[in-house]
Amino acid sequence: MQIVLVSGLSGSGKSIATAVLEDVGYYCVDNLPLAMLQPLVEYLKQEGYARVAIAIDARSGASFAQLPQIAENLRAQGADLRVIFLEAKTLSLVKRFSETRRRHPLSSDTVSLPEAIQLERETLADVAPLAHRIDTSDLSASALRLWIKDLVGPDRSRITLLFESFGFKHGIPLDADLVFDVRCLPNPHYVEELRPFTGRDPGVREFLEASPDAMALLADIRGFVENWLPCFIRDHRAYLTVAIGCTGGRHRSVYFAETLAAAFQAREQVLVRHRELS
């Protein structure tokens, strides 16, 4: 049985994720108390369900500390289990709740919205380390739908490598597993004729490929990922997010993400995301 657990912060896109999973053929259960997870899986397995998506949220309470053991038990019973954790920056979540005029499930007359968001982060702290984390702060609903489809669509027996470019001035992605800083390299932004372009364009690529430092750093990052990827696979990781950052997230980091993705494309399942270009 294939099982996808969807969790995360309220307002981060859990309902969108479960809707996508339902569209691609998963039987979906929403807001399930964690204590009911194993009994439900056993029942659905007996009934012949092959693909199940279950959404769990902070209203399950203190029982989240039990999730690592529950996940281990399900895998020991033969379940192909993946956990997706959706999150976003507090300012993004506050803006979304303000726009929709919905009330946060943990807020009250004595608990403000930012306090409720922080309380939810703390409540779900045991879930995030088990999961593939997706930072939806800068993702549109349509982009998140495509993202979820990509994550559940490939062959589940192989790890999926995600190479993500970003700009440090906008913050490090919350969902990054490995972070590499390429700000030490020559910056095409200061070459007037290259400034309007991105790391996908030939002129920027040629500029960086003419730099011995850029080529040496690219080789080092590729070698690091190649050397340690087997360790992540042995740890039963379904996804590995490799984030590469420069100052603005448009030139150097984009080139590195594109080039690394191309290098691994033939051997692994690869996705590319350019946060500041989306």
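Cβ atoms here come from the backbone N, Cα and C positions, even for glycine.
Counted within 10 Å of its Cβ, the other Cβ atoms near Leu9 (ATP binding site) come to 25, all protein chains included. The ATP binding site annotation in Swiss-Prot covers Gly8, Leu9, Ser10, Gly11, Ser12, Gly13, Lys14, Ser15 and rests on sequence analysis.
The DSSP secondary structure for Arg59 (GTP binding site) is helix. If you take the C-beta of Arg59 (GTP binding site) and look for same-chain residues 6 or more apart in sequence within under 8 angstroms, you find Asn31, Pro33, Pro105. The GTP binding site annotation in Swiss-Prot covers Asp57, Ala58, Arg59, Ser60.
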Out of the binding-site residues listed (Gly8, Leu9, Ser10, Ser12, Gly13, Lys14), which are within 10 Å of Asp57 (GTP binding site), Cα to Cα? Gly8, Leu9, Ser10, Lys14
